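So the structure is just underneath, and the comments pick up after that.
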């Protein structure tokens, strides 16, 4: 795979995976390189992107309803599912408090963005916080973390199918059951995901989501199951595929290291991500492929990530990673190359089931 600036120096032939070195730059160095205005949300701009997405979604519904043609529906499904995903990314900014400096506004727009696409805003926001605090940590990361070679060999067939073959539909299951080998639900305040002080936030999002399910049920009662399928269920599935595809590719790549124990640090984990180019939809889904800078500084609004990325590249040098491959090729390569990591070692890499574990 061609990378923008580096191959991650994957030690294919080394006898140890211990990593006791320090990075040649600090979090402070990276922050100093980024223009101060990149950290400042612009409420007008943030609201523009939210209402832009809502407007496009509304127009797509109007056109689909007017034409009511099976020739158009496949186009509608793809476009509307993509816009559901774009709306999710707006709520993602709200969850990071990078939409605005007003928490009430972030929570309001977050719920307006996430509830219609059946995402519990606060429940997801909190678990996503756990992911960002532990990115690249095999033991503590929340999503898309690797299994070890021994875990892979002992994994039941049904779990292998879910993890390696139908993972692009995994998100709804994750909301109910959390990631493999972890317990908890995004809907229940008693889940280990949440602190007692977060109870009412979680309940609020859950109640609103139940209300959305009730609304869908009422509309289905009025207009029938075919209405639900044509106008909501299929776009929702497209959205789920987008969400799982993008988040999987953020952190699943043979050249990206994973850490255990004391060799893991926040910054090492944050830069163990990769930027990817999603072509025509790159800006439609709000530059979410610009992921390295986002993981380092969560409070940068999505519309400032490209500028921030260009600022940190010279500081990071060979530690900055960007794939120039087409997305379909990156997905294929990750699927056939990233099955498990070695059972031991403080710095390890994915390997394929068809190859010996990388040292």
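The backbone N, Cα and C atoms fix where each Cβ goes, glycine too.
Given the structure is predicted, the values throughout are model-derived calculations rather than measurements.
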Q: Name the residue range among 87-91, 92-96, 97-101, 102-106 that Swiss-Prot annotates as motif 'Histidine box-1'.
A: 92-96
Q: Please find, within the list 128-132, 133-137, 138-142, the residue stretch that Swiss-Prot describes as motif 'Histidine box-2'.
A: 128-132
Q: Examine the ranges 5-25, 26-46, 47-67 and name the one recorded by Swiss-Prot as transmembrane segment.
A: 47-67
**Q.** Of the residue ranges 186-206, 228-248, 249-269, 270-290, the one that Swiss-Prot records as transmembrane segment
**A.** 228-248
Q.
Let me spell it out: take the motif 'Histidine box-3' (294-298), skip the flanking residues so only those 6+ beyond its ends count, and list any with a Cβ under 8 Å from a Cβ in it.
A. 27, 30-31, 34, 39, 96, 98, 132, 135, 267, 269-271, 273, 288, 305, 308, 312
Q. Under an 8 Å Cβ to Cβ limit, what residues of the same chain, 6 or more beyond the ends of the transmembrane segment (70-90), are close to it?
A. 46, 49-50, 53-54, 56-57, 60-61, 63-64, 99, 109, 113-114, 116-117, 119, 230, 234-239, 241-243, 246, 281, 284-286, 288, 302
